[in-house]
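What follows is a set of notes on a single structure, which appears directly below.
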């Protein structure tokens, strides 16, 4: 208990003899110099005064968010409005309130360029009024008393105004306005004051300078700021400027007068497609000798010496190891009058979907057949890919064909063998829909390079063949009419992440044209983005047109939302996305009749989508298109019918009558092509 007594009897007053001053680091009793205290001691009494933090005003934010809701708009119109606002914000920044921008967009019916012009015109009028008032007040001060040399420096001296010069009738912004040179604004003359002399002297000297400049350079005149503001500074390319570009003239200028042609090489597996085109590229100089020597050495080590030229187009290790093309290889070469985009399609039956992707992007085709005994028959008879490839390219819109009868050196350039092959193939191609005048037959040898870029000098061939070589036949193809004037359409064939911001897509522009800075809409994801860059044949360009195979760098969209098969279009004229549509189809050779509920694989451009035939509407006459039978129970080979299809996921389609390139598709079942069709009606 002794400890408790000690605690109870403790005198606490001894601990509180002095008051503690918490506002100081040490007590005043300690001796310390003022300099040391100022250096090491902190005093709250000397704390600097801090202004109260200004609270953020959220009223303006609420007003801007509610400004759109005040206007009763549909969901689609709201999306268009937000898109227009984003575009205008990129040009104007935050200088103009949202309400003014919204009113301008609605007043001009969602036309961004007209709305921008209206807002800029309104700002110009207001700024001119302010300048006029400032001019009048400055004139009054000048008449009253001379301006002191120290106070006469106006804002126009500190921040020089840009003066617009007219050179030979063209408006160009050239330099800054020199102090002392007058510029007329809205009928009032404003003179920048100078140091030293009064304003009257400055006016006199400026008049002398102005007359001297006019006499020395008559075509060069300083325009009023009204002309400058009537054509606002192009912060971003406007749609009006883009529409003024003559795309056809620019296209010819870019290609040096040569026309663009997309060529696909098709044929049965092991017919020699890659070797034929690889050797042609080497002879044209597209592949240097050092690279070709490297391919020859590597192919010899792999035990595939005859595949050296094929390795020019078969770039992946798996393709070189197996000796089979698996994906579409793409490259470029030039002829006398054409710029050719070459697509080497796979010939193996397992890779028909990839072949359809390449053929859907082609304008013309080269069909390669093997002239060896037994090989041509194997590829041409049932189960071979020669027939199927010929039907596919014709169904996908290819009307011009060059048939390269390859490996003729293995049959000693026999004329009888060549005529036998051309007779069988010519009859089949005529049935498939090719005109005789649009089909050419050329005897070639891909390994030796005979009759590829120059006419053969071999006596065994020249004694009976006097026709064109393969390159001359390709050069004689007629390029199709490009849909440059139609709305922009691009089908995605590949998506990948590149260095830097955004991501890249590749594909062929089917219609219209595009420039950097354009906004695009992706369907069916229904997402918008901006074109940051355009690459054509591995070279950056500012624009591209229909027929070009391009790579676009996009920003403002997540890469996860874009898949192979998506179609990019302009936001003003979007493409429709649906799961149900009606189509007119032509049935090929099938063993099982097509009935209601028949499952198929739909191949459309770069899309491969499972589908079901929901309805058999009618059977049509092949020639006239008239209905011969309504609501048939089944369809057999050779019939032309109107059916309704339904896909599992939405796909972006166009009617065949509007866009022929985007209105064709193929139907496959069980590893073989059973029908080709065109879209006639799109259901919701």
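Note: Cβ is positioned from N, Cα and C throughout, glycine not excepted.
Within the set 344-347, 348-351, 352-355, 356-359, the record from Swiss-Prot flags 344-347 under the feature region 'G3'. Note on Swiss-Prot: of 251-258, 259-266, 267-274, 275-282, the range annotated with the feature region 'G1' is 267-274. Between 69, 127, 458, Swiss-Prot assigns phosphoserine to 127; no such entry appears for the others, which is not proof they lack it. When 65, 154, 299 are compared in Swiss-Prot, the phosphoserine annotation sits on 154. Ranked by the number of CB pairs under 8 Å to the region 'G4' (406-409), the listed stretches 267-274, 323-327, 344-347 are led by 267-274. Residue pair residue 447 (GTP binding site) / residue 117 (phosphoserine) shows a Cα separation of 63 Å. Within 10 Å of the C-beta of residue 273 (GTP binding site) we count 28 further C-beta atoms, all protein chains included. Within the chain carrying the region 'G3' (344-347), a Cβ under 8 angstroms from the stretch's Cβ atoms is held by residues 264-271, 273-274, 277, 313-314, 324-330, 354-355, 358-359, 385, 389, all 6 or more beyond its ends. For the recorded positions given as 117, 406, the lowest number of other CB atoms within 10 Å of the residue's CB is seen at 117.
Long-range Cβ contacts of residue 271 (GTP binding site) within its own chain (separation 6+, distance under 8 Å): 347, 368, 369, 370, 375, 379, 386, 406.
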